[in-house]
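Per TrEMBL, FAD binding site is recorded for G11, A12, G13, H14, A15, G16, I123, S178, Q368. Look at TrEMBL and you will find 271-285 tagged as NAD(+) binding site.
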Amino acid sequence: MFPIYDVIVVGAGHAGCEAAQAAAKMGSSVLLCTMNMNTIAQMSCNPAMGGVAKGQIVREIDALGGKSGIISDKSTIQFRMLNRSKGPAMWSPRSQNDRMRFAEEWRLALEATPNLDFWQEMITGLIVKDGRIKGVKTGLGIEIRSKSVVLTNGTFLNGIIHIGEKKMGGGRTGESASKGITEDLIEIGFESGRMKTGTPPRVDGRSLNYSLMEVQEGDENPEKFSYSDETTPIKNQRNCWITYTNKEVHETLETGFDRSPMFNGRIQGLGPRYCPSIEDKINRFAERERHQIFVEPEGWNTVEIYVNGFSTSLPEDVQYKAIRKIQGFENAKMFRPGYAIEYDFFPPTQLKLTLETKLVENLYFAGQINGTTGYEEAAAQGLMAGINAHNKVKEKEPFILKRSEAYIAVLIDDLINKGTEEPYRMFTSRAEFRLLLRQDNADLRLTPYGYKLGLANEKEYLQTLAKAEKTEELTKKLEKFRLSPDEANIGLEGLNTALIKEKITVEKLLKRPNIGLQDIINISDLLKEETIEYSNAVKEQTEILIKYKSYIDKERQMVEKISSMEDLQIPATIEYANMKALSAEGRQKLAKIQPQTVGQASRISGVSPADMSILTIYLGR
Ligand code: FAD
């Protein structure tokens with residue numbers, strides 16, 4: 001019934017969809033096995049993509065030839081560039097999405113992908129022989145053979161859902177938990193752990209009084225995620241709203257604390273610290289009288305509303321009473337209660353940089369199974385696992401990005417070297433070279449790789465090359481183009497702080513704070529003419545590179561300095577046990593993680609600078 005596939009992907013969440021799409025597009029025969037084909041690319045929690053550091057990841061996925069950016073654009077109902085008032089390293093695209101359309105667009109994209117087959121069933125076991133994956137076993141007892149397997153089970157592995165004192169097995173509400181895979185992996189020798197996450201109640205938008213809330217509109221000139229021409233920015237957007245909890249809401253919630261699975265010890269797994277439940281917020285920040293609630297529509301054609309900021313696993317009657325005390329929610333009708341879910345994950349230190357497991361050859365893990373949280377983090381890992389599973393099966397080189405090249409690399413490098421004890425999400429602060437890893441230049445950083453891999457198409461590649469060329473050309477123009485002092489002083493009044501006394505180049509003007517390229521173009525018809533041929537993306541890129549040149553150069557120099565050692569390979573045969581000069585902790589961590597390069601070794605927590613110098617001396621440096 002089934003051929004021997006190159007790659008089987010288990011799970012069709014954000015990681016699974018990207019993995020299957022990438023491997024199939026690159027030319028592998030792929031089977032995507034998922035429990036329920038009606039929930040492909042389901043957004044389990046909030047209907048939104050991107051945000052701080054996560055928006056950069058979506059752009060990186062897009063630049064490499066993944067689909068999350070395009071799917072997000074096609075299902076956007078509101079778009080905002082967050083942190084515009086800060087430096088460009090912080091600018092972060094975020095879209096509010098139509099939940100149903102997001103899933104539908106993913107399914108359409110997968111169905112249009114050649115080499116990709118589907119099978120709806122629960123995978124209950126793995127076929128492993130001589131330390132190598134050979135395929136999967138299904139609930140019906142079918143054995144499906146493959147050369148590699150990518151596991152992307154999300155929150156489903158032995159999932160337990162909690163609402164107050166009620167507890168039921170499930171991977172998401174209304175969906176069964178996955179059984180069998182954890183047990184197989186533990187038998188092989190994998191370590192597993194337990195984490196938890198939660199989601200807020202959904203309410204009927206017709207029952208809310210929006211006039212009592214603050215409106216939150218999308219950007220006036222919205223952008224989009226994808227660099228490709230396949231999508232266009234959204235024209236008409238839906239509003240979101242902001243309201244707040246208050247003392248009465250908190251007091252009502254507190255009446256359910258004795259029945260809370262979080263507080264009475266029934267939930268053992270660690271949850272995301274930065275995305276706490278409302279009961280957690282009240283408990284931890286007792287001094288705060290209110291917490292912000294974002295009121296977010298679930299789509300174009302539905303009245304369902306996502307109550308962002310009100311994640312809870314308190315009993316449903318307490319949720320209902322408390323939510324009706326929020327301003328604007330006085331008559332709220334609830335569609336679905338909030339809940340918490342506990343699930344198995346596998347500490348990601350058991351993986352190589354390709355996301356292949358160290359214990360079983362050709363077996364890959366991606367997404368929430370690795371202890372991460374978030375669609376973007378999952379999608380990025382799925383894409384990388386899909387690429388690497390394909391490359392391994394086709395005997396090609398592994399595809400590994402450097403921390404100075406992508407947030408995706410920071411994510412994977414952190415996971416496999418440091419592991420994670422609580423759900424890992426990306427922050428800009430995790431990237432030491434964040435000025436190089438901007439949302440505006442992910443195409444310049446990564447599309448050449450995507451093209452070489454066979455994921456990004458030729459048109460996208462040529463567009464990227466043209467963007468780089470045009471940016472260079474415009475930079476040279478702006479270095480030469482001069483304005484008279486009068487023109488500059490009068491035209492930039494209010495923006496410019498220091499008086500200009502002689503002719504000045506646009507490049508010099510741009511280095512002054514508060515002055516943007518468009519401000520300068522607005523005062524000179526000649527400059528307008530000279531720059532009219534350049535796209536907004538090229539103008540933005542040029543402006544950032546000029547304005548932040550000294551900082552960017554500094555980061556680049558740092559990258560060069562580090563990379564001379566970074567790539568130094570550590571032989572797989574190295575015996576850390578014999579290196580007595582290493583600290584006990586350093587020796588133990590190095591032996592456990594088996595880093596492939598000196599750079600990787602240097603980032604393992606517990607490996608000190610002194611250990612690093614011993615290691616480099618040992619390696620002859
Ligand atoms: P998932 O999206 O969970 O997809 C897993 C897929 O695998 C599903 O298609 C499932 O059907 C399939 N599957 C599982 N086991 C099997 C099997 N044995 N056989 C066949 N198919 C299988 N993220 C945040 O960033 N912030 C939050 O506040 C947040 N809250 C959340 C609250 C809840 C209740 C849940 C469930 C998730 C929440 N998330 C949150 C996490 C977010 O949904 C995930 O990070 C993201 O969806 C993970 O993607 P994934 O592809 O790894 O797994």
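In case you wondered, yes, glycine gets a Cβ from its N, Cα and C as well.
Put simply, of the binding-site residues G11, G13, A15, Q368, the one whose Cα is nearest the Cα of R273 (NAD(+) binding site) is Q368.
All protein chains included, G271 (NAD(+) binding site) registers 22 other Cβ atoms within 10 Å of its own Cβ. In this structure, G11, A15, C275 are the binding-site residues from G11, A15, C275, S277, K281, N283 whose C-beta falls under 6 Å of some atom of ligand 1. The shortest Cα-Cα distance between Q368 (FAD binding site) and any of the binding-site residues S277, K281, N283 is the one to S277.
Cβ crowding, taken as the number of other Cβ atoms within 10 Å, peaks at K281 among the binding-site residues R273, K281. Of the recorded residues, G271 (NAD(+) binding site) and G13 (FAD binding site) place their C-alpha atoms 20 Å from one another. Annotation note: N283 (NAD(+) binding site) sits in a helical segment as assigned by DSSP. Within 10 Å of the C-beta of N283 (NAD(+) binding site) there are 17 other C-beta atoms, taking all protein chains into account. Considering only the binding-site residues G11, A15, I123, the residue whose Cα is spatially closest to the Cα of C275 (NAD(+) binding site) is A15.
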